[in-house]
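A short write-up of the structure that comes next.
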């Protein structure tokens with residue numbers, strides 16, 4: 001109650017003081033209304049700044065008084081006035097009533113209805129509703145005339161265009177916002193917006209705009225008025241950034257600059273600058289024509305401005321600019337798209353270059369005038385309704401910049417401007433500052449968003465098994481992280497299908513995974529059957545077969561789980577989907593000892609800073625090449641085709657039944673004379689049936705049909721060295737898969753038909769051919785770093801013949817997670833060194849096991865005698 005009284009009293013005092021100031025100014029003005037003028041003028045036109053300030057404060061106080069004086073029971077009545085007034089306004093605009101209203105004097109409703117060809121009773125009711133809201137006047141009974149408000153629309157065609165834009169496009173879109181939410185929920189799709197529902201169109205806004213001339217004209221009128229409005233005016237672009245500090249001849253790129261009005265305004269004031277205005281081809285063509293025909297632009301300005309066709313989602317082609325200027329660009333796009341725009345610019349930044357963003361900075365509620373905040377909230381909702389985009393608070397801007405590898409160095413919120421100016425640089429080059437127009441809360445928001453090393457996430461390069469296991473372990477421990485995967489999505493390429501985990505990996509998984517994820521993992525596994533059957537490839541007869549035996553107990557592989565790789569990776573992503581970014585390949589990284597941080601640069605031009613970097617990015621690891629530059633990876637001389645054959649009725653009828661019980665091995669040894677040339681090097685087929693229990697399928701219906709996993713491995717010469725080398729030249733994964741499938745048939749051409757059914761009925765899109773790489777068992781130590789390490793296949797790749805590569809990676813992830821949990825994300829160097837030493841010991845044992853298997857399966861040499869692997 002007391003707060004209500006204080007607010008009412010303050011608003012009344014503001015009304016009184018500012019009304020008196022406004023009246024005093026108006027009475028002192030020399031210019032008086034011209035009684036012979038054709039249209040009424042606004043008495044508040046051409047007032048000085050002090051008077052305009054008083055007017056704005058009066059409007060603000062009056063608005064607050066209205067809000068305070070309306071009772072809750074009257075709120076809906078107040079809304080009724082709003083939508084009925086809007087309905088009447090649209091009626092007057094769309095039926096061109098203003099065209100028939102005389103510029104001076106009055107006209108009867110009867111005569112106006114006849115001129116406009118509308119029903120007289122409708123006209124009178126609608127005009128009187130408009131009069132209630134100040135749009136028209138009725139000085140005497142049944143006689144209507146322009147008010148100072150309607151006169152503006154009769155005087156300025158662009159305002160009428162803006163009005164048409166509002167009632168025909170903005171309002172229908174706004175009305176459908178709840179329907180859009182109901183239909184699509186949270187989405188960034190440009191063709192799933194309230195605008196699409198309101199206009200009943202299937203294409204995004206700008207596509208429809210290009211196809212609809214009337215809409216394009218209305219939108220252009222709207223934009224002209226936006227840019228001419230003082231609060232949106234270009235003068236703030238001229239004065240809001242220190243353009244004078246740029247060197248003579250400095251280049252400014254106006255990204256998405258449309259007709260170039262912003263650059264022209266700046267160029268007029270700062271004659272030492274040159275400008276490149278970028279936009280889409282159609283826009284650039286119109287802009288060039290308009291500038292050529294505009295005699296009001298001086299030749300000295302035109303000579304310093306060029307236009308360039310450019311799509312800001314593509315690579316930025318101007319790489320020598322001093323400033324990239326984005327005015328009202330980012331707010332049209334959700335964070336992912338805005339990040340792409342900024343990342344493309346960041347990739348082109350030369351040292352010292354800056355990005356100047358002029359766009360809306362949403363305030364915290366109640367921190368600015370209610371009328372100004374209303375306009376900003378309107379823009380925020382409009383972005384949502386039309387583009388599934390948003391206006392951003394300062395913290396949102398800072399987060400967006402960080403995601404694109406940028407940092408805000410300065411924020412300026414000009415007085416009486418609805419847009420602020422953000423000065424942005426590449427991350428690590430900034431020193432945050434602000435102007436006295438910033439509130440302490442806004443400055444604090446920027447400071448908080450930059451973060452300290454302790455608050456920065458662990459960066460995980462690679463969303464393979466090691467990377468995802470580490471991520472789950474960190475999540476379980478409450479440590480922030482981000483995962484970056486080079487592939488575009490989880491199924492971007494075949495990566496093998498079956499994995500077998502032994503006791504050590506099973507225990508690590510139990511340590512790593514939350515209880516619910518571990519339970520789901522157990523239930524999604526395939527049925528494990530222990531044993532081996534060996535076949536003669538040429539007659540299809542069984543050579544050896546044994547259930548259990550050496551593959552069980554303490555004598556062999558200790559097989560605990562049989563896992564479908566895709567199902568396993570899906571389980572590993574459970575609960576951390578929002579932390580994984582696909583299509584992110586690291587180009588390089590650098591550490592900063594002063595801040596104890598690591599900065600990763602991606603090939604798409606984006607950047608991220610973290611407290612620690614874990615390289616799990618596979619054989620081609622960029623992290624390993626930087627962290628352990630002399631690490632030895634050898635070429636085993638083998639190639640391997642991985643494949644998958646679904647257990648269809650036809651396959652089950654053709655393939656030997658006893659070959660589908662457990663692990664099956666088929667060894668094709670070279671004939672006598674051929675072995676003289678290439679050695680007695682066999683090609684070996686390993687296969688295993690992957691079957692899921694009824695309980696697993698009931699819980700996870702998305703599990704694949706039962707299938708046979710197989711791997712055909714042998715010397716590259718048996719596959720054709722040229723074929724193996726040429727695989728990387730295929731332009732698509734489908735082509736490479738098809739060629740690998742054909743190669744599997746060629747290599748097994750003389751095998752028994754029953755066994756060849758495996759290859760003849762394979763899913764040809766799932767085949768993949770790889771060269772088999774490994775490191776040597778005795779991995780040399782390397783200099784450790786407190787911010788970076790490598791693990792899994794990134795540092796100790798091994799032949800699949802041992803079947804323990806994934807096991808080793810899982811245990812690595814568990815071990816590293818324990819280090820980070822114990823010491824935090826800035827562990828001492830000795831802790832990382834101890835982790836590395838233990839990992840090398842573990843890897844040595846498993847690499848040796850793979851080496852033994854490789855010698856038996858394809859005649860591999862000792863790993864230390866193998867040549868270097870050529871990437």
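Cβ atoms are placed via backbone N, Cα and C, with glycine included.
Since we're looking at a predicted model, the values are computed, not measured.
Per Swiss-Prot, the feature active site, proton acceptor maps to 331; the stated evidence is sequence analysis. According to Swiss-Prot, the S-adenosyl-L-methionine binding site annotation covers 279. As annotated by Swiss-Prot, FAD binding site applies to 485, 569, 806, with the evidence given as similarity to another entry. If you look up Swiss-Prot, you'll see 1-429 marked as region 'O-methyltransferase'. Taken from Swiss-Prot, the feature region 'FAD-dependent monooxygenase' covers 430-871.
Counting only same-chain residues at least 6 apart in sequence, those with a Cβ under 8 Å from the Cβ of residue 806 (FAD binding site) are 465, 499, 501, 505. Ranked by Cα separation from residue 279 (S-adenosyl-L-methionine binding site), the recorded positions 331, 485, 569 are led by 331.
For residue 485 (FAD binding site) paired with residue 331 (active site, proton acceptor), the C-alpha to C-alpha distance reads 28 Å.
All chains included, 23 other C-beta atoms sit within 10 angstroms of the C-beta of residue 485 (FAD binding site).
Spanning the residues 485, 569, 806 that the record associates with binding FAD, the maximal Cα-Cα distance equals 18 Å. Fewest other C-beta atoms within 10 angstroms, among the recorded positions 279, 331, 569, are seen around 569. In the three-state DSSP reading, residue 485 (FAD binding site) counts as strand. Calculated from their C-alpha atoms, the gap between residue 569 (FAD binding site) and residue 331 (active site, proton acceptor) amounts to 36 Å.
In the predicted structure, the region 'FAD-dependent monooxygenase' (430-871) carries a mean pLDDT of 83. Look at residue 806 (FAD binding site): DSSP puts it in a helix.
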